[in-house]
Amino acid sequence: MQATYARKTFPCFDEPAMKAVFNVILIHSRDTVALSNGMEIDSADAVIEGALVRVTTFEPTKRMSTYLLAFIVSYFVSIQSNHNNLLIRIWARKKAIDDRQGDYALNVTGPILQFFERYYNAAYPLSKSDQVALPDFDAGAMENWGLVTYRETALLYDPILSSTGNKERVITVISHELAHMWFGNLVTLRWWNDLWLNEGFASYVEYLGVDHGEPGWNMGDRFILYEVQKVFAVDALASSHPLSCREEEVNTPAEISEMFSTISYSKGAAVIKMLSEFLTEPVFARGLSSYLNTFAFNNTVYTDLWDHLQQAVENTPGMNIPDTVHNIMNRWTLQMGFPVVTLDTRTGTLTQQHFLLDPESVVDRASQFNYTWFVPIKWVKTGVEQQQHWLLHKSDTNVLMKATAAEWVVLNTNMSGYFRVNYDPSNWNRLLRVLSTNHKAISVINRAQIIDDAFNLARAKIIRSSTLALRTTKYLSNEREYTPWEAAIRNLDYYILMFDRTEVYGALQAYLKKQIQPLFEHFKNITDNWSKIPPGHTDQYNQINAIGLACNVGVEGCMDLIKRWYRQWMENPAHNPIAPNLKSTVYCRAIAFGGVEEWEFAWRMFKYSTLASEASRLREAMACTKIPWLLNRYLEYTLDPTKIRKQDATSTIQSVALNVVGMPLAWNFVRARWSYIFQQYGTGSFSISSLVTGVAKRLSTEFELQELKKFKEDNVHVGFGSATLALEQAIEKTRANIKWVAENKALVLQWLTDEST
């Protein structure tokens, strides 16, 4: 029912502040099972209008919002357990349950619920927790109280066929949805303008839940990659928007839909994590518990949470923050964007400015705080942790941050704050020297941060030249950790997108080949020539990076390996020899370097797959082919729900757009079919904004910018719905791309040529 579908189900005012107790009775055919938020209390046959039917009555719900109500009538079956006297059930297609795909979800749900009960210091208020895997579902999952719904890929895990990434997705989404059982469901925000707090909060604490369920996975590193660095890219645009907006700015279903954005989820999470870091987790948890227990079964506005956190601060002896929680947080929630903090280690001077990816873009949105933030800065000097510093004005001085030739300084330790960092040239050079001589002296997260900041500071022209950014990748031939490699690959992906249709690409490939070769050899050795799985959780991800990048840039032996594995599978379809973690990479590369036969085999396997995550991998991989007519046919398949499920249509088009051969085909396809696509997905779907972002990613010429603007003009009468902002941002990003390529192409080509010879 989220956000405004309750009104389509029964007459009601479906506003989150109008809470009620719901008495649900479902009438359904006798061979189906009926579920709702409450426990079934009676199920009996009855004759209605001459037909024999089943009538199922449920216990009354708790006092709750309409958007959390759910009913399901299906042929699903379940497995169940009792965890501390709470009934937990996992529902799915019979085949999926028989293949034990629900077991992992059943095992982790109880411990995560128990973790949140302790964390929130509030008991789970319902009599059961049902979780249901839906074969076709536009959202990833939905936190209906007591009856949580998921895409199959977010709830089902096959212990033999699924990858580590699939397992991580399942526990992460479960943890996110269960976090909402209290924050969102028990206590609900008054109106959709505060959605960021609901989703941002769940996106932060989901990592705590996963840490509890899988303690060896070290999820904190992933928070930096998946939330912070991801949202920096969007929040650095002049067309970004603040986390919080006024109630009157969100009225229509399309405007509500637009609130479900990367800003709400990932920036919300990053800002809340920063808050918990400077308050300390125990103080944060105390304030949170007081908020939840005070407002249980009621509605709030976000400032109510600040009140309770402020009380927790005042009740903690020796707790010191430079201003109230309200005044500190207003600067992060009521103005868009984030600062870049620059330290000059010669003087200890700190300055902050609004970070914009395109320094010439015009910020139309005024800010009452004049784009200045209260910035909590944790920092280290030559590897030693120092006392936290608060930057409260445009500039400030901390003499302890002065450094000699033998010392170096890193700000924002383990990226505890939501800001970028720049240094004077001599400190940058000292950091590069540490990376090249003893990179482990800097923490894994800060190595990833140095790379990501350098690339983005160069794009924003805060650092004058792209060569400093490229220099941060030189040490990677000695790096074996996943987080810095992943940060580097994501930033180099931008170079690939901008240059893979130009003469720069050859030099870029040669340089990357030199850097990735040692990592490829490392994994070949520790896996005994690819026959074992690397032991560490993040090593398994880095092995995927090593093989994927090595094959893309032509490392010897990589392509033969992939072709051999795929060929073996084609010869014996019943036995897939490819390790689950490597399947996505192998399928994509084998189809890219293969022909029609390889594609048709993948299509056959896709149609017969009974595991959603396996089908999803094959679906993405088929977009990797370099054969134009296959790609065009595949795009047409997205219009036919019997071939590509409706939930997967937009992401399939995006996958084609990621392929350098497929990009113009996908872009032409979206333009030609916009009115159909919009009619299908435009008003209530979150996926349409990512479709626009996805197809426009590579656009980097004046001609392509004009095409994008024409697309906007030509479809004014059709509309863009929840993709309206995404289209504005695509135009802004394309402008920035054009400038960046013009200014950097020759320079980058020269540097890469020098380094790879």
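A Cβ is built for glycine as well, from the same backbone N, Cα and C atoms used for every other residue.
Source: prediction; values computed, not measured.
Over in TrEMBL, the protein carries these features:
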DOMAIN    1-68  domain 'Aminopeptidase N-like N-terminal'
DOMAIN    104-332  domain 'Peptidase M1 membrane alanine aminopeptidase'
BINDING   HIS176, HIS180, GLU199  Zn(2+) binding site
ACT_SITE  GLU177  active site, proton acceptor
SITE      TYR265  site 'Transition state stabilizer'
DOMAIN    408-735  domain 'ERAP1-like C-terminal'
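Every protein chain considered, the tally of other Cβ atoms within 10 Å of the Cβ of TYR265 (site 'Transition state stabilizer') stands at 22.
In this structure, the recorded positions under consideration are GLU177, GLU199, and the one with the smallest number of other Cβ atoms within 10 Å of its Cβ is GLU199. On a Cα basis, TYR265 (site 'Transition state stabilizer') lies 11 Å away from HIS176 (Zn(2+) binding site). Model confidence over the domain 'Aminopeptidase N-like N-terminal' (1-68) is summarised by a mean pLDDT of 96. Applying an 8 A CB threshold to same-chain residues 6+ apart, the list for HIS180 (Zn(2+) binding site) reads GLU143, ASN198, ALA202. Cβ neighbour count for HIS176 (Zn(2+) binding site) (all protein chains, 10 Å cutoff from its Cβ): 25. Between the C-alpha atoms of TYR265 (site 'Transition state stabilizer') and the residue listed as 'active site, proton acceptor', the distance comes to 13 Å.
Using DSSP to sort the residues of the domain 'Aminopeptidase N-like N-terminal' (1-68) gives these counts of helix, strand and coil: 6 helix, 27 strand, 35 coil. For GLU199 (Zn(2+) binding site) paired with the residue listed as 'active site, proton acceptor', the C-alpha to C-alpha distance reads 10 Å.
Apart from HIS176, HIS180, GLU199, the residues listed for Zn(2+), the same chain places the Cβ atoms of GLU143, GLU177, ALA179, PHE183, GLY184, ASN198, PHE201, ALA202, SER203, GLU206, TYR265 within 8 Å of the centroid of those Cβ atoms.
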